[in-house]
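Colleague: Sharing the record's features from Swiss-Prot:
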- Ile168, Trp169, Glu170, Cys171, Thr172, Gly195, Gln216, Asp217, Tyr218, Gly268, Glu269, Trp270, Ser293: S-adenosyl-L-methionine binding site (BINDING)
- 39-49: compositional bias 'Basic and acidic residues' (COMPBIAS)
- 70-87: compositional bias 'Polar residues' (COMPBIAS)
- Ser72: phosphoserine (MOD_RES)
- Ser77: phosphoserine (MOD_RES)
- His154: tele-methylhistidine (MOD_RES)
- 30-55: region 'Disordered' (REGION)
- 68-103: region 'Disordered' (REGION)
- 247-253: motif 'Nuclear localization signal' (MOTIF)
Amino acid sequence: MTFQFNFTIEDHLENELTPIRDGALTLDSSKELSVSESQKGEERDRKCSAEQFDLPQDHLWEHKSMENAAPSQDTDSPLSAASSSRNLEPHGKQPSLRAAKEHAMPKDLKKMLENKVIETLPGFQHVKLSVVKTILLKENFPGENIVSKSFSSHSDLITGVYEGGLKIWECTFDLLAYFTKAKVKFAGKKVLDLGCGSGLLGITAFKGGSKEIHFQDYNSMVIDEVTLPNVVANSTLEDEENDVNEPDVKRCRKPKVTQLYKCRFFSGEWSEFCKLVLSSEKLFVKYDLILTSETIYNPDYYSNLHQTFLRLLSKNGRVLLASKAHYFGVGGGVHLFQKFVEERDVFKTRILKIIDEGLKRFIIEITFKFPG
């Protein structure tokens, strides 16, 4: 089974990031901010304006407090748990919210993959991984050139601006390996790839026969330029995937259009994303499985993440979360998040796997304590 994904970087960043194969893919081993303590404080407290980051009008951030977010309209979640969760908010300043929107699948799928170079990555026994590599040109994205912002600030994360969606973080591969080892079943399930970035987790669910897959990332550019091309590149006919007569870098594959209807794409902050999907005219069916990797690095986001699980996870569903034990420089980590969850008494957590290579990492399952 071929597994392809698009990873977009700028030429001048290729030496700055860690290449896996000829600079085609970057895998960061720590998700630690390479900024000073004073810079970290400034990033947490700074208010981002459209003028400061040269954002166009259609990418304006919504600056409003968490208290103004609309309450959940769903009735499936335990009411007592929801009430408890709302009454236990974290201390400290809440990040500004970015409006959520849905991204339509382009009609011209062939054009989306034009001038893309497909390369196969080594190291996976049961899944063949390939890269669709493109170059991000500044002139094409003058308003939201988040890669340049990240580079100029010497940081992989810019709070409220860029949340790391252009990198493939290490724990993503841990979770992919767990899927294979634990024989995780996706067939017939509705799946959310939360904080999707390149979309590898959701693409795995897509290939595994999920009935519906939603991809969400904070940045709209990540969805348009990374996630969408990856999904299209991976929705190919099996006979073309197995064609070895042409080298990977030359092969042009026809999109499996009949399967793409199962995929939907969203950008924006988590609470705004919840409001968007729950406010649709059609009755929203909650997710059987939420997949997320390296999303608990910042304690300021824990309340929104917890509320997202509460509002969108089906009563018998589960979350599979991959994370490092601790994120130096931003303060989050597994034990702090587990404590946060335990205090709210809504979900229970279970450690499925511990990876001791390099920085200690975990695969965690999250389910409702009282699903009834």
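Every residue number used here counts from 1 along the chain in the order it is shown.
Glycine is no exception: its Cβ is also placed from the backbone N, Cα and C atoms.
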Colleague: What is the biggest Cα to Cα gap, in Å, among Ile168, Trp169, Glu170, Cys171, Thr172, Gly195, Gln216, Asp217, Tyr218, Gly268, Glu269, Trp270, Ser293, the residues listed as binding S-adenosyl-L-methionine?
Modeller: 23
Colleague: Indicate the candidate from Thr172, Gln216, Ser293 with the smallest number of other Cβ atoms within 10 Å of its Cβ, considering only these binding-site residues.
Modeller: Thr172
Colleague: Counting other Cβ atoms within 10 Å of each residue's Cβ, which of the binding-site residues Glu170, Glu269 comes out lowest?
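Modeller: Lowest Cβ count within 10 Å among the binding-site residues (Glu170, Glu269) is Glu170.
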Colleague: Tell me, roughly as an integer, the mean pLDDT over the motif 'Nuclear localization signal' (247-253).
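Modeller: Overall, the motif 'Nuclear localization signal' (247-253) comes to a mean pLDDT of 50.
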Colleague: Which state, by DSSP, holds Glu269 (S-adenosyl-L-methionine binding site): helix, strand or coil?
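Modeller: Assignment for Glu269 (S-adenosyl-L-methionine binding site) reads coil.
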